[in-house]
Every structure is written in C-alpha cells, then in structure tokens.
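A.B. asks: Below are the features I grabbed from TrEMBL:
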- B:GLN39, B:LEU40, B:ARG41, B:GLU42, B:LYS43, B:ASN71, B:SER110, B:LYS139: 4-amino-2-methyl-5-(diphosphooxymethyl)pyrimidine binding site (BINDING)
- B:ASP72, B:ASP91: Mg(2+) binding site (BINDING)
- B:9-189: domain 'Thiamine phosphate synthase/TenI' (DOMAIN)
2 protein chains.
Amino acid sequence: MSVAIDSRLYLVTDRSRLDGRDFLGVVEDAIRGGVTMLQLREKDCSSREFYELGLALRELTRRYRVPFWINDRLDIALAVGADGLHIGQSDLPAAVAKKLLPPGMLLGVSAKTVEQAIAAEQAGADCLGSGAVYPTTTKVITRTLALDELRRIKAAVKIPVVAIGGITADNLAPLMACGIDGVAVVSAIMASPQPGAAARTILAAVDRHRQF
Amino acid sequence: MSVAIDSRLYLVTDRSRLDGRDFLGVVEDAIRGGVTMLQLREKDCSSREFYELGLALRELTRRYRVPFWINDRLDIALAVGADGLHIGQSDLPAAVAKKLLPPGMLLGVSAKTVEQAIAAEQAGADCLGSGAVYPTTTKVITRTLALDELRRIKAAVKIPVVAIGGITADNLAPLMACGIDGVAVVSAIMASPQPGAAARTILAAVDRHRQF
Ligand code: NI
C-alpha cells in the first residue's frame, strides 16, 4: 500500500440515493465519520453542474484534508483542482489520461481482470478500483468479480487496490482477506440515514480485517 | 471576421440522423462539398466512444485541412488534438475553459443574448454560435432567437458569429443579412441523402448572401 494514499474507505457519490437530503450535508457527515477518500461520480448532469458540484466538494475535502477524485471527466478534474481522476474502461484510455494530467495529479483506474490491472499500472495508474465484488443496484453490471480474481489482481500490482460493489460492514471481511487496501462504498453510506455512523462502522471493520 | 477562421459553413455532427449510413462517409462527403469547419457533438456516448470518434474525425479533418472542434468536452479536445473547443451555457464556464486550453486552441461559445455574447468575448472566446434561429428537432430548445437579437449580437462583438438552428439553403438569407459570418448546420447536411451536394448548395447560398 502506498504511503501517499489512505484508501481504506473510499466514498463514491451518488446523488440519486439522497432521498431529499442535502448532498453536501450527507458527504460532510460521512467524512466526519471517517471517509479517507472521496470520489464525485455523477452521470446524469450537465458539465456545468458537475463542475459546480466539484467545486463545492473540493472546498469541503480541502477543509477535511481528504483526497478528492473526479470520475471520468479529466476536464472537470483539472477545472476544480482535484487530487485525482478515476477512469473506467469506457472512459479515456489510461495512458492518454496520464499524459494529459499534470504531474502530481493521481490516476485511478477500474480493473475487473488481472490483465486490465497490469495494463493500468503500466499506463501509470496510482490506484485501482476492482469490482463489482457483490451485486449492486448502483449501476448495471454484467457480472460480479470472483474473490479469486480480486486476490490475483492485488498480487499482480504494487499500487493500492480497492474493491467496489455492494460492500457493507458485514460483507467486507472476505474482501479484505484478499489483501486489498480498502473498500469503495456508494449506497452503504449515501443511502444510510446516518452517513457518519455508517462510515465509522465500515472503517472500523476495514481496520479489523486488514491483512497488514 | 477573423482571418484565422473560415466559419462560412460549420457542420455540427449528429449520428442519430444517419439512418444507417456510415458516419465518416457522410462527414467526408460533406467536407468535399465545402464544409469549412467541423464540430463533433455527440451527447449519448461514453467518453471512450467520444474519444475514438474524435480521433477518426481529427484524422479526416487534418487530411482536408478543415478546422476541427469538439463540443463540451475539453478533455476530449485535448486528447485528440482538436483545433477548438465549443461550449454552451451549461458546460464549463468560458473563462475556466480558456484558462485550461493550451495557447492556440480555439474557444467557441454558444450565446443566445447580447449579454452572453459580450461575456464570452471578454472571457476569450474566438467564435460565437447563436441560436436557435429557427425551430429545430436537434435538441430541446426553449425559444428561438429573434433576428434583431442576432443582429445586435453580431454588432456587439468583434469575433465571428455563426447562426445555428434549423438552417437550410432556403432560409439563410435573412440570417446572413444580419452581418453574421456563417451558418452552423446539423440536419440539413447530416440527414441529407446527398451530404456533399447539400453542403455545396448551402455554402453557395452563404456566399451569395454575405454582407462583406
Ligand atoms: Ni469480522
């Protein structure tokens, strides 16, 4: 695990889970509960709206000294001064993104296979997100990632690996047993009536089950 | 009109108008017919797909020496080495985009009012797109731009102004009479069974009706 990134509890946003609650309020509560990295992922909004949400979360995460990532949109990451850009396999190719990012801005890549993981690391990725490890309602996925593949991915790269997909405090033990560095969570925090308490509980479970 | 930009006939893409025909084939035919600038605008595709379309059109436009613009996505514009980025009022703010663009990459901005036009020019825009001047089926629009407002926009700025929205060879005369520099066209070319001939006809009409 890199000393630079504390990837134990990575909150990925989803405004559709708010059920009327205030977005920034939920995120701030979660950060106070122990979120160690935050990613803004919003698919159905204009570039302007994405940018404005990004500015607001940039301010919030700077205040709490939490690394801030933008999903997919390298331009928005640049525009708001994010700490990192996270891209999936249907976003810009990792090597292209790496070339466009300023030195020091981190690159995260989604990797569902060992091959994707190795390619991402070779392209300059600083962190991997692997999943979906469990079925999730967050996005349409074709298949879940077997624990064996997660273990192989972690063993194949030097950079931190975070699992994603339907993760809760109660089901993360077998994931952490694969040697991964942390978990990325959407619904377990965003849809919780008590985001801060949810974050605290998940982080405690991660720490209890980390292999190093 | 800037000497740098020949904005007489600006083709804006829309793959939904192809009706099964080959995208690159239609665009190349249109370019051969006289398109002077090309903008890739595709709303419903992944970043990867947008990037790959951009690469293909970059190659094509370089071959024909036609300035190539990307709609909305500054990151894709950088990634494919476009000549320009075109942004609307719900994309990144113009001043933010200008700061992120490398020197020499052009900035186009959509302006529906004199106020937006002046703000865009002050933010560093190199070209304005104003409309919709006529009703269009291309995107949902709230209102059309009156000819008087188009005339005022052109008079208020030094940069080229191109009208957009439902424009054909048959209805562009009153637009050109406002002193504008060219027309941006989607359906009149993309949906035409003969894109090259359509471009030739529209460009001839533009030239016939230009005020300078
Ligand atoms: Ni346990």
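Positions of Cβ are set from backbone N, Cα and C atoms, glycine also.
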A.B. asks: With CB distance below 8 Å as the criterion, list the binding-site residues among B:GLN39, B:ARG41, B:LYS43, B:ASN71 that sit near chain A.
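C.D. replies: Cβ contacts with A: none found.
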A.B. asks: What are the non-local neighbours of B:SER110 (4-amino-2-methyl-5-(diphosphooxymethyl)pyrimidine binding site), defined as same-chain residues 6+ apart in sequence with CB under 8 A from its CB?
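C.D. replies: Spatial neighbours, sequence-distant, of B:SER110 (4-amino-2-methyl-5-(diphosphooxymethyl)pyrimidine binding site): B:HIS86, B:ILE87, B:GLY88, B:GLN89, B:GLN116, B:LEU128, B:GLY129, B:SER130, B:GLY131, B:ILE164.
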A.B. asks: In sequence order, which same-chain residues at least six apart have a C-beta under 8 angstroms from B:ASP72 (Mg(2+) binding site)?
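C.D. replies: Looking at Cβ-Cβ distances below 8 Å from B:ASP72 (Mg(2+) binding site), excluding near sequence neighbours, one finds B:ARG41, B:HIS86, B:ILE87, B:GLY88, B:ASP91.
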A.B. asks: Give the mean pLDDT for the domain 'Thiamine phosphate synthase/TenI' (B:9-189) on the 0 to 100 scale.
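C.D. replies: Here the mean pLDDT over the domain 'Thiamine phosphate synthase/TenI' (B:9-189) amounts to 96.
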